[in-house]
Amino acid sequence: MAPAGILNGKLVSAQIRDRLKNQVTRMQEQVPGFTPGLAILQVGDRDDSNLYINVKLKAAEEIGIKATHIKLPRTSTESEVLKYVISLNEDASVHGFIVQLPLDSENSINTEAVINAIAPEKDVDGLTSVSAGKLARGDLNDCFIPCTPKGCLELIKEAGVQIAGRHAVVVGRSKIVGAPMHDLLLWNNATVTTCHSKTANLDKEVNKGDILVVATGQPEMVKGEWIKPGAVVIDCGINYVPDDTKPNGRKVVGDVAYDEAKERASFITPVPGGVGPMTVAMLMQSTVESAQRFLQKFKPGKWTIQYNKLNLKTPVPSDIAISRSCKPKLIGNLAREIGLLTEEVELYGETKAKVLLSALDRLKHQPDGKYVVVTGITPTPLGEGKSTTTIGLVQALGAHLRQNVFACVRQPSQGPTFGIKGGAAGGGYSQVIPMEEFNLHLTGDIHAITAANNLVAAAIDARIFHELTQTDKALFNRLVPSVNGIRKFSDIQIRRLRRLGIEKTDPTTLTDDEINRFARLDIDPETITWQRVLDTNDRFLRKITIGQSPTEKGHTRTAQFDISVASEIMAVLALTSSLEDMRERLGRMVVASSKKGEPISCEDLGVSGALTVLMKDAIKPNLMQTLEGTPVFVHAGPFANIAHGNSSIIADRIALKLVGPEGFVVTEAGFGADIGMEKFFNIKCRYSGLQPHVVVLVATVRALKMHGGGPTVTAGLPLPKAYTEEDLDLVEKGFSNLRKQIENARMFGVPVVVAVNVFKTDTDAELDLVSRLSREHGAFDAVKCTHWAEGGQGALALAQAVQRASQAPSSFQLLYDLKLSIEDKIRIIAQRIYGADDIELLPEAQNKAEIYTKQGFGNLPICMAKTHLSLSHNPEQKGVPTGFVLPIRDIRASVGAGFLYPLVGTMSTMPGLPTRPCFYDIDLDPETEQVNGLF
């Protein structure tokens, strides 16, 4: 018989490594920035372990796998090792890891406990009980196989032997080689016999094997004469035996007597150079397979989401009754369904979570989805249902059209919740749930804004007080205190010195003039624009006197409280793009001017770093869900008059990455299109760089009747008869407002879909008239929507229209160039969006325009603070007013947020409580902890 063919593990493993290298390259081409990750956890410092690990690290580097070696000292305890295992389980950059055995610790460590703590999806060594169980059951495509048996199988296949139907004999039953080898051969359809130290007539059993795998750890235990002629022999042994002819006095042999066996076998593995190289190659292959599974599971845009089925009732129950009738999914499950990693999500109970900005960094190379903004016509005081339409639309796109879709909405203030309006989370069968969580504390973002805002306010008045009561030297010495005889500037103080043009870092070298310039902000109290805030409607805080305590030595001034969401910090949160950007914006916020007319910022006050600390969690978007189980980001809620009235850029950007290129992100702009949409485009999109694909313009028959000359609509009172009976003439006259808002949206080059929000008193003739006129005057489409009563099903036609519109040509453009003068930018908005003949800058506004231009703020975008109840400055003028000049009473600056806001009329920034606030109905069931009466 001819000598056996040699199964060269070095050659086969080299071929496998080349194949893996190509696979890694292709993965990185498909997902830029992605690299398969392998970690090796070692306890102790055994020489043999160090050798094996170095071989693995080198192989990983050659293939393109990022390998990390974590080496723990011999003093490590079991709990310390387990902490590292858990950490690696949660590290998304590690797709597989192994615990190098044996564990070389001076403490007792349960190896089984450590191995079984490895997440099965990362168990690339295939040693956990879960992996072993799946292999034993034949779930070969859903588990990792121990590397040595896996390599042995590759070598058997390399021999060209058909495994199915052959008799295979495995000598050895270890958990690492023998037992899994038996299972692997069995599920490749061999008839398998496992032999071990207690097997009788071992030689005769071995002689039955067409395929023989030996893993006993006994040098040359299996003799050549035992082997069936023509068998394939796989020798897994590595043994050292004495050999005087070798320089080190020993040689390596396997578990099979090689020289004898090769005369009877058809193929045989040498030792070394057979199974050994294959073990390392299989570890690399399993790591690449794990990375591929990770990409498949977390591929952007590939969601495995389950939707909730609504149980619709007629008549439609109350919002809170509907909210409680639907059990929300666990928020952690929803996060996984939409492709978020465990370490990217911070759970706040079972129904809300924060999403870390690291998700955006992970997905930064992925294409964005389609971007949709929901706006409305000039509304009645009752509102026309933009929020409800937003939620109904995403439920239709997701639960009914099976599109990946995210809603991004503003977080409501608690003020209205306990005041007159009540909560806000959509309505009917189109809601964000749980409503109680949505409308109360949520995750504390508004509380963080309140704390940060009031820290600035406290810093302003304290600084004025201390400057008025101390000499330059005393003030400087307290600002730069001596610690152990040494004075040292803080980082923020060094930045102030740089802005002052003082290039010094040693406090002792400043001249008297430099000390004066550094220490004194010299704030002019009459110019302070920063107010304290509270998230409660409190009319008696609209104007207050502060500093009346004797300890303030008579330094009083008139001030006020605003509602928390009116704080510039809320606008900063909504417009920021990163932690670094937020830090810079918070520092740029201007709170007053000096007596020389120079702007005083939070950076000058030295408080910007502390503000960033207070806001570090608030910057993370809040994840919730709709009634039908689609995801919602609830993040930021700036005013829509003195601010831009849109949810956060960060939430939109993360959502656009998560939905994938075929998915949709639907966000809402506050008030009518002339205010919220205009600011969405000219401020939010300008800063984010994002380009919307579709505008959804919400209209109602009742609002059109109002604009057509219908009676006054008053919140809290029944609708006049004209609004509950058919009147086509009134609707057609009022269409002028909708026509103008369609025109406003198209001015930005984006397709417009009109969503006619249906009320039970609307007639088909009225609804058809609105739809027909909308299409005739430039809308891409106009559809009737019944999502309040029917959930996503009622917005199905709207969702289909949005899908079609998103494919239509668009040429997004901004309304004005930032380099224009402040006055010209205001004029463009007034004339083109509102239809004004011109603007009039009143003296205070003219003065502010000159000051801001001089201070370098003239190139900021414009955020008009105007009534939302009319296109003009007069809330009583409905339809499309003409022939008016828009009066600009004042101009103020939100420098940190990044806009100037001209005041058209008087803006209330602190609501008051009515005679009978909502809180009369609110209570808690002490047994169930259920909130009652909130809606």
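Placement of Cβ uses the backbone N, Cα and C atoms for every residue, glycine included.
Fair warning: this is a prediction, and the values are worked out from it, not measured in the lab.
Features as listed in Swiss-Prot:
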MOD_RES   MET1  N-acetylmethionine
BINDING   TYR52, ILE53, ASN54, VAL55, LYS56, VAL99, GLN100, LEU101, PRO272, GLY273, GLY274, VAL275, GLY276  substrate binding site
ACT_SITE  LYS56  active site
BINDING   GLY172, ARG173, SER174, SER197  NADP(+) binding site
REGION    310-935  region 'Formyltetrahydrofolate synthetase domain'
MOD_RES   SER318  phosphoserine
BINDING   THR380, PRO381, LEU382, GLY383, GLU384, GLY385, LYS386, SER387  ATP binding site
MOD_RES   SER413  phosphoserine
MOD_RES   SER490  phosphoserine
SER490 (phosphoserine) versus GLN100 (substrate binding site) - Cα distance in angstrom | 47
Using C-alpha atoms only, work out the spacing between ARG173 (NADP(+) binding site) and PRO272 (substrate binding site) and round it to an integer in Å.
-> 22
Can you tell which of SER174, SER387 has the least company, meaning the fewest other C-beta atoms within 10 angstroms of its C-beta, among these binding-site residues?
-> SER174
Given the binding-site residues PRO381, GLY383, GLY385, the candidate whose Cβ has the fewest other Cβ atoms within 10 Å is PRO381
Students should find that the Cα atoms of LYS386 (ATP binding site) and LYS56 (substrate binding site) sit apart, in Å rounded to an integer, by 58
For SER197 (NADP(+) binding site): intrachain residues, at least 6 apart, with Cβ closer than 8 Å = THR216
Of the binding-site residues GLY172, SER174, PRO272, which one sits closest to THR380 (ATP binding site) when you measure Cα to Cα?
-> SER174
Looking only at the recorded positions ASN54, SER174, GLY276, GLY383, SER490, SER318 (phosphoserine) has its closest CA neighbour at GLY383
For the binding-site residues LYS56, ARG173, LYS386, the one whose C-beta sees the most other C-beta atoms within 10 angstroms | LYS386
Tell me which residues of the chain lie with their Cβ under 8 angstroms from that of TYR52 (substrate binding site), as long as they are six or more apart in sequence?
-> GLN100
Cα-Cα distance maximum in Å, computed over every pair in TYR52, ILE53, ASN54, VAL55, LYS56, VAL99, GLN100, LEU101, PRO272, GLY273, GLY274, VAL275, GLY276 that the record assigns to substrate = 24
Around the NADP(+) site (GLY172, ARG173, SER174, SER197), what further same-chain residues have their C-beta within 8 angstroms of the site's C-beta centre?
-> VAL171, GLY178, ALA179, THR194, HIS196, ALA215, THR216
If H, G and I count as helix, E and B as strand, and all else as coil, what does DSSP give for THR380 (ATP binding site)?
-> coil
Taking all protein chains shown into account, the Cβ-based neighbour count within 10 Å for GLY172 (NADP(+) binding site) is 24
Give the maximum pairwise CA distance in Å, whole number, for the residues GLY172, ARG173, SER174, SER197 listed as binding NADP(+).
-> 11
